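Participant: The structure's right below; bear with me while I get my questions together.
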Amino acid sequence: MQRLEATLKVHFALLAALSGLILGFSDESGALTVIAVCSSVFAFVFVDWLKLFALPPALGYLAMGLIAVYCIGKFIPLTPASNQQLLAVAQLLVLVQAVLMLQAKSRRTFEQIGIFSLLEIVVAAVFNHALTFALLLIPIAVLGIRAMVLLQAYSVSLPLWAEEPPDKPSAGRSWIKTRSPSTVRAVTSAARRLPRSAIVSLGPAVLLVALVFFYAIPRTAESDGIGLGGAPQVGFSDTVTLNQIGHLQQNPAIVMRVKLQDADKGTAYQLSDSLYLRGRTLNLYDFRFGSGNWRSTSMPRGMDGQRLPPEFQPSRTTDQLFYDRVNVEVSQQPQNTRTAFSVPPYYRLQHSPPVRHTVERWLMTRVDNELETARSRVSYRYGTHAFRNGRQLPMLRAYALGEEDYALRREQRSRRTWWRDNSGYDPERLPELTRTAQGVVDSMAPGARLPYHKAMRLNQYVTQEAGLRYTLDLNFPRREHIDPVEEFLTINRGGHCQYFASTLALMLRSQGIPSRLVIGYKTEEYSPYGEHYIVRQSHAHVWVEAFLEEEQVPKEKPTYGQPATGPVWLRLDPTPGSDGESQGQVTQAMDFAQGMWEKWVLDMGGRQQEGSLAGGDVGESLSPVFAGMAERLKGIRRGELGGGALAGGNWFSWPAAAAGVVGTLLLLLVLRVRLPQVLLRRRAAVASPLVSNQPQLDFFTELCNLLRPLGVQRQASQTPREFVKQALHSMGPDHSPSLVRPLQTLTNRYYAIRFGNLPAAAAQDPEVGQALEQVRRGVPQPQVTQEELPREDGERPA
């Protein structure tokens, strides 16, 4: 019983620790996790194991009352359910469970700890949306089943042990009792083996029922995408400070997963170079006070919120050989802005995707409001003509299909404003940058000083020849009287991608070339498990787009897969290549598992359930099967049973069906006749060991050993009286009369101690020793032959 109770204490201590650990280590719930784990370990060591102290029940109830008052105080004033109120519920559960762990363990205490552990799991389902919740749920489920089975066995065995301890004489008058200590010990010993069979038998059934309920019951609400204990990812706004991107690049959190698929072949499309995902464009540089900030101009009316443009179809079919049609699927984490990420020139695939298009800027935004974007993940699909042979093309037409005449419809004043916003430059604030850019251009051949070639040459200079180094160290001393970009180029000469891109963009403007910054992500991290690209906050990147009029685009640089006319944005990336940390196989596998957890569990709302199980990923492969099954059932209802070999062209054959039924019945009859015999033989082989477990009393064990040389061995099914009777019969009439009385004395004493009123100390009485001595003298010893006698030298003959 002590071993069973100790096993229970271990199970419930682990269950309390894991149920607290599953709350997650977020900024808000992390302290509760530490309290739950530490209190469980402390209570098990000092209360359950070492038994140094235990909290009295009265003091425990008082502590619980104070905890309840403290936590309920956080609900005042009463407001609609909020994050803080749910945190108060979690705090109440963890602290009360900690008090229970400090009490002496009983059936009531175990039950209460189990209930609070279940409640913590329910609250954790709201707090912790990470994969760790799923991973921890597995050991919690196993421990929970084991703990429940052990607790039931403990509840059944406890009254038996409490009724009469094994070493305490019974107060009753009856000589024979229906309960024996060995029986109770056998029950409690068997109880420790019950959890294994319970898990094997109940686990698959419970899991199957849970999966059916989770995926089959229709959803009436949509899933949140992020737990209350978490926080949305930092997105991109219309104003970006100079060091903002540098801070993002130090965060390895996953922002999105991007799957590229060849639209014609249906296979995964893998790049040989980096993948650029644009989020925002910034065209206004703040020259005042040396802030170095970039921001976007306000959107002209009617430019944003448009449907994604249709796919461009070239007039010549041979043009399709110079670009690849690629479908892009983005699974984006919650962010605090409405920014969606694109690979232009994109076009719509879905009838009503959850994103909208911004004219001329080639930007995507989510259709939902910022509150929803901060709470939920989003998935969207679109097609693109941005790739060729595994590389992303650098040129982008300013206007999509159907938007070419947008520039013609704009007023001249709006055109001048656009030019000023995208070409604004102050040479007095950037004297050294101006001289450097002019020197680079002057070094070019006079015939090569065209806007396209100037842009490429300045990009090469900033990347390779300016002596600038890439670093994420943001602790450079700032000089207020100098512009941050000028300081980067002339003094610090070290910075991240935002410094490099700002330097190139301002150099281009110094040469009269309109330019803007594009902030987004640049990634090369490919997951072979999910066949998608992983985009992290550390992949945040800034690059430059230079504006070229239609006549400034070189003839040898056509833009295939896009309109043949109109201005062009040229992508330039002046940041030197940095050796990013490549993720190991384990990290990629965990990221893939996290993505599956989010897609098939966390985001399984009403729309996702309908799309996944009917028309989405699973539906696309299983819908033909379901449709075929439905048609077959309709045919059976109409009586169309089909044809088959034995039916003369019909699928269903009555003779074959009858033969199958008769064969099945014959097989069952054979098994019904033969199977019990096999089972009986096995059962006999298992249940007929020659020697049973040793008796519980030492004197009867010695009696069995004394009778063993006569060939008398006690079987597992024999009672002590049956065993003694067999021994007398085996000794024959010459020896048995003298042993009848001592054997009867030992047998009666055995029954009196095991099942009667005598204590265990009665086994040491002189009467027992005398009976054993009589048996020892009366049992004939086996004959020893001359060959078995030892020689004088102590050796036996060979």
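Backbone N, Cα and C atoms are what each Cβ position is placed from, and that goes for glycine too.
Keep in mind that TrEMBL annotations are predicted by a computer and have not been checked by a curator.
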Participant: What range among 7-25, 83-101 does TrEMBL describe as transmembrane segment?
Facilitator: 7-25
Participant: Report, as numbers and ranges, which residues of the same chain sit near the transmembrane segment (7-25): CB under 8 Å and 6 or more residues beyond its ends.
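Facilitator: Long-range Cβ neighbours of the transmembrane segment (7-25): 32-33, 35-37, 39-41, 43-44, 48-49, 90, 94, 97, 101, 105, 110, 113-114, 116-118, 120-121, 123-124, 127-128, 130, 132-133, 136-137, 139-140, 143-144, 146-147, 150-151, 154, 192, 227, 229-230.
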Participant: Taking residues 6+ outside the transmembrane segment (31-50), which of them lie with a CB under 8 Å of any CB in it?
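Facilitator: Distant Cβ neighbours of the transmembrane segment (31-50) are 6, 9-10, 13-14, 16-17, 19-21, 23-25, 90-91, 94-95, 97-98, 101-105, 120.
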Participant: DSSP on the domain 'Transglutaminase-like' (489-576): how many residues come out helix, how many strand, how many coil?
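Facilitator: Across the domain 'Transglutaminase-like' (489-576), the residues distribute as 24 helix, 32 strand, 32 coil.
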